Amino acid sequence: MPEETQTQDQPMEEEEVETFAFQAEIAQLMSLIINTFYSNKEIFLRELISNSSDALDKIRYESLTDPSKLDSGKELHINLIPNKQDRTLTIVDTGIGMTKADLINNLGTIAKSGTKAFMEALQAGADISMIGQFGVGFYSAYLVAEKVTVITKHNDDEQYAWESSAGGSFTVRTDTGEPMGRGTKVIPHLKEDQTEYLEERRIKEIVKKHSQFIGYPITLFVEKERDKEVSDDEAEEKEDKEEEKEKEEKESEDKPEIEDVGSDEEEEEKKDGDKKKKKKIKEKYIDQEELNKTKPIWTRNPDDITNEEYGEFYKSLTNDWEDHLAVKHFSVEGQLEFRALLFVPRRAPFDLFENRKKKNNIKLYVRRVFIMDNCEELIPEYLNFIRGVVDSEDLPLNISREMLQQSKILKVIRKNLVKKCLELFTELAEDKENYKKFYEQFSKNIKLGIHEDSQNRKKLSELLRYYTSASGDEMVSLKDYCTRMKENQKHIYYITGETKDQVANSAFVERLRKHGLEVIYMIEPIDEYCVQQLKEFEGKTLVSVTKEGLELPEDEEEKKKQEEKKTKFENLCKIMKDILEKKVEKVVVSNRLVTSPCCIVTSTYGWTANMERIMKAQALRDNSTMGYMAAKKHLEINPDHSIIETLRQKAEADKNDKSVKDLVILLYETALLSSGFSLEDPQTHANRIYRMIKLGLGIDEDDPTADDTSAAVTEEMPPLEGDDDTSRMEEVD
C-alpha cells in the first residue's frame, strides 16, 4: 500500500492522488447498502452527526490534560450546510480530525469487528438503522450519496481529502482547498432522487428526531432571500454587483450579513414621503439556526419528562431503533452529588460478552462536560448492558483514567449505580410480561453477577427465574419455589444439564418426582458457576440431586427399609467395586432411583457431569485442574430393580461368573451416558451393544455364513468365559 507523503516545501501544482482498494468485507457492505432498497435512509444523517460528536468528545477529552490541543480552534460545534446547486449536504465538525493513516485505515482498509456481524444481521432481516451499533455508521452515507468526499485536518498532520464513489476503491490526496484549522468535513454528493435531504424542513425534522440530545451545538446554514428597500441608484449598483456578491457569500458562509430589520421599519415610517424614490430588491443571506437547544435531559426534573422524551434521548444516545425496556432517572445529594439516567435496552447487543468490547455503555460527565464513554470503574462488568449517563458535581474536570481508578468518589457512584440498577430490575420483575423479555435477554448477566458480586448476591438471587418439575412452561423464582416446599423439606433441590427435556427425564429426579418434591432445572452453562457461589436461599441450602449424599425427607419406616436394603446388597456393591476398580470411587445402594437400575453420581465438592462437559469444551482449559476437579464417580444401584436383584443372585451363586463382570461393565457404561458423562472408549461400548443385538436377533456367532464385518467385530472382542449354556443375552463383553 503506497504511503508517500509530500514535504511541505514541495510545489503543490502536481497534486498526488493515491488509490486504495476497500477491504473485501467493507466493499461487500457498501455494495449491500447501495443495491438494496431501504425505506429509512434518513438515518445516514444521524450516523454522520454521531461520528462528529464522537470526534468532538475525543478532542475535548485530550484538551483536559493538554489545553494547547484547542489552539487550532476553541469552538466545538457541528455545522450542516446544504447546497442545492451542487446537491451536497456538508457536515462539518471541529473535532479531533484524522491523520492520513487514520483516514486510510478507518475509512476502508481495516474492517471493524462489526462489519461482518452487521452484514449477517442485515441478511437475516435486521433493520439498516442498526448500523451505528456495529461501528460502521459512516458507510450509511451511501444510502443517499453517489459519491462521498471527506476533508479532514488533525493537529499532527496536514489536511487531506478522501473520496469514493464506492466502486471498490477510494482515493486520498493532500487537500489544497480552504484550510480548516482542525476537524472533519463529510460531503455526501446526493443522488438525483435524494434531494429532499437538502430541504430545511426535512433536515430539522431528522435532527429533532435523532440528534436533538447531542452535546454540541448543531447549526443549520440555509441560504434565504429577503426584500430590501434601496434607492434607484443603489438598486442599479446592486444589480451590477449581484454576481460578485453571490460569490462572496458562498465563500464567507460563517460570516453572515446581519440586517437590522427593526431600523428598516423605523426608516420606513420616517421617510414615508420618499417612497417613490425607493425600490424593493431581493437580497440573499445566510440564515443560521441552532437545532438542538434542549438542555441535557438528565438535569431536568423526572416528573416533567415524558416517556417519549426518554425514548428519544435513549435512541440518540445508543443509536438503537427500538424503545428502551425500562428507565431509572435519579440524583444523589449530600456529601456527594451526581445525577444519573440509566436505561435497560430491549435486546442484548450482538457482542455482549466479547473480550475486545468496551466494558460498559455509560457516558461520564462532570458538571455537564463530557469526559469519557467507557469508564470501566463506573459499573461492574455484569451490568455492561445498561446504557445511560452519569453527571458528577465532584470529580475534577481534567481527571485522567489513572486517577479514576483511585477515585473514592467514583467508588461511591459505582455502589449507588449498582443499587439503583437492582432496584430497577426488582421493579421490572413486578410486570411479568416485561420481566420475561428482560430475563430472556439478560439472565446471563444476573447469573454472572451472582458469581462475581458477593455484596449483592442476595438481592440478585431474588431476580433468578427457572423452570422446575412443577412449573410447566413458566419460569418461577426461588421465592415461589420456597412457598411450595413440603413441610418436612429442608433443602432446595436442583439439577444441572443441557436441556429441559434431558433433565426432566433424568434418573436423578425419579424419586423426588414420585414423592412430589419440586426440582429446579438449571440448563444454562453459566448456572454451574452461579450455583457454586449461591449456596443457600432464605436459609435453605441448595442441593444438587446429581451429587452423593442426597438426603430426602423420610419417615422412620422408610429409613429402616433403606438400611435393610443396604445390608442385603452390601456384597454385590463390593463385587461391583472390585470389577470396576478405579473407574469408580465406590458403589452404594441408591435412595434416588425408581425406574432406572443405576446412575453415576459425583462427590460433593467435585464437578457435576454437566460441569465436566463444559470444562472439556474450553479451548484453553488447564489440564492439571481437569485431573483433580473432574468428577469422582460413585455408582448408585437401585435395589428395587429386577436387573440389580438378578445380578445379586447370580453374583452370590458364583462370584467368579464371567457374565456378571460383563453385565456390570455394560451397566456402568450405560449409566455413564444416561448420567451425562462421555465414554472414554465409545467403540468398545458400541461393540458390546452390537453383540447384544445379535444375540437378541438369534444370530449365531459361530455361523460361518455370518457377515464378515460382524466377524471382524468378534475378533476384536475378548472371548467370553463361563458356561455356554447360560442365557446368550448375558454373554456380553
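For all residues, glycine too, the Cβ spot is worked out from N, Cα and C.
Annotated range for motif 'TPR repeat-binding' in Swiss-Prot, selecting from 4-13, 714-723, 724-733: 724-733. When Cα-Cα distances from LYS444 (N6-acetyllysine) are compared across the binding-site residues ASN51, ASP93, LYS112, PHE138, the shortest belongs to LYS112. Other Cβ atoms within 10 Å of the Cβ of LYS586 (N6-acetyllysine), summed over all protein chains shown, number 16. Residue density at TYR314 (phosphotyrosine): 23 other Cβ atoms are found within 10 A of its Cβ, drawing on all protein chains shown.
Using a 10 Å radius centred on the Cβ of LYS459 (N6-acetyllysine) and all shown protein chains, the other Cβ atoms total 17. Taking the C-alpha atom of ASN51 (ATP binding site) as reference, the shortest distance to any of the modified residues LYS58, SER477, LYS586, CYS599, SER642 belongs to LYS58. In the structure shown, the C-beta of ASN51 has more C-beta neighbours within 10 angstroms than that of any other entry among the recorded positions ASN51, SER477, SER642. For the pair SER477 (phosphoserine) and LYS112 (ATP binding site), the Cα-Cα distance reads 40 Å.
Under the three-state DSSP scheme, LYS459 (N6-acetyllysine) falls in the helix class. For the pair LYS58 (N6-acetyllysine) and TYR314 (phosphotyrosine), the C-alpha distance works out to 21 angstrom.
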